[in-house]
Amino acid sequence: MTNSVPTLTLNDGHTIPQLGFGVFKVEPTETTRIVTDALEVGYRHIDTAAVYGNEEGVGQALASSGIDRSELFVTTKLWNDKQGTQSALDAFDESLEKLGLDYVDLYLIHWPAPANDKFVESWKTLAEIRKSGRARSIGVSNFLVPHLERLLTETDVVPAVNQIELHPAYQQAEVTAFAREHGIHIEAWGPLGQGKYPLLEEGVVTAAAEAHGKTPAQVIIRWHLQTGNIVFPKSNRRERMAENFDVFDFELSHTEFATISALERGGRVSAHPNEVN
Ligand code: NAD
């Protein structure tokens, strides 16, 4: 099943598996077991963050899996209170150590935290880290257009990705159009609505699921893949991990895709990026 995950080419030439596994809210004590399950199911792309507190568990699962490093894609993120130059370098070292890796595939600024006004400085630091080879690619998360504009005008490095809250009921048209225009791939977090928005019960979703003999979650993941989003749904349950990975044997029709896209309601379920500092 592993080989069936498509890869996308980032603006720095590196490739990323379009479907991965996220570990937000995975308890540190359970992380090794859960990530081991995910790797056994076939996931090769893991999305974590320093603030999730579970990088060590991720690292242990990777190390004991026996999977060649070159087959894995690992993302982690710089937390807000570590933004800056030396603090970001130190935080990156700590993440690498906890993960037990000598490089990560992708390192992200977790939130712009604009009240601190350190995201441009942090971005320059990430560019240095990338130059050193210890992060193959670098990107940002939860950046809105004005934040991205500052990176583009004040530095000469374009983020490879912007990881943002995105699902059919909240598609972030403005930031996704800006990203597309500048060659920045979109990673959709909360792809299933985090259970806070009843996406899986929407009639157009359940109808498409029935038509294809798939589940509503598989339909939503398929919508993301067909949109071009990079996506890493999270579940602690192995059967759901397998369900979320089994999305490459069907395709939403043009009509199904359009009716699901019409679920847009324009409301985020999580915090506004300007308010997380
Ligand atoms: P998600 O939309 O993936 O929702 C996860 C929840 O959906 C699970 O807890 C589970 O209850 C439910 N679920 C999963 N599979 C299901 C299935 N097949 N059927 C029914 N319900 C199912 O939300 P998320 O975990 O917040 O987002 C995914 C990943 O995105 C995270 O794990 C993390 O890696 C990343 N993320 C990043 C940020 C950020 O600020 N950059 C914020 C949140 C999440």
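Just so you know, glycine gets a Cβ as well, placed from its N, Cα and C.
Annotated in TrEMBL:
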type	residues	note
ACT_SITE	TYR52	active site, proton donor
BINDING	HIS110	substrate binding site
DOMAIN	25-263	domain 'NADP-dependent oxidoreductase'
SITE	LYS77	site 'Lowers pKa of active site Tyr'
Three-class DSSP secondary structure - TYR52 (active site, proton donor): helix
Cβ-based isolation winner (fewest other Cβ atoms within 10 Å) among the recorded positions LYS77, HIS110: HIS110
Integer average pLDDT (0 to 100) for the domain 'NADP-dependent oxidoreductase' (25-263): 97
Secondary structure at LYS77 (site 'Lowers pKa of active site Tyr'), reduced by DSSP to three states: strand
Local backbone state of the residue listed as 'substrate binding site', from DSSP in three classes: coil
Cα-to-Cα gap, TYR52 (active site, proton donor) vs LYS77 (site 'Lowers pKa of active site Tyr'), nearest whole Å: 9
Nearest-integer angstrom distance between the alpha carbons (Cα) of HIS110 (substrate binding site) and LYS77 (site 'Lowers pKa of active site Tyr'): 5
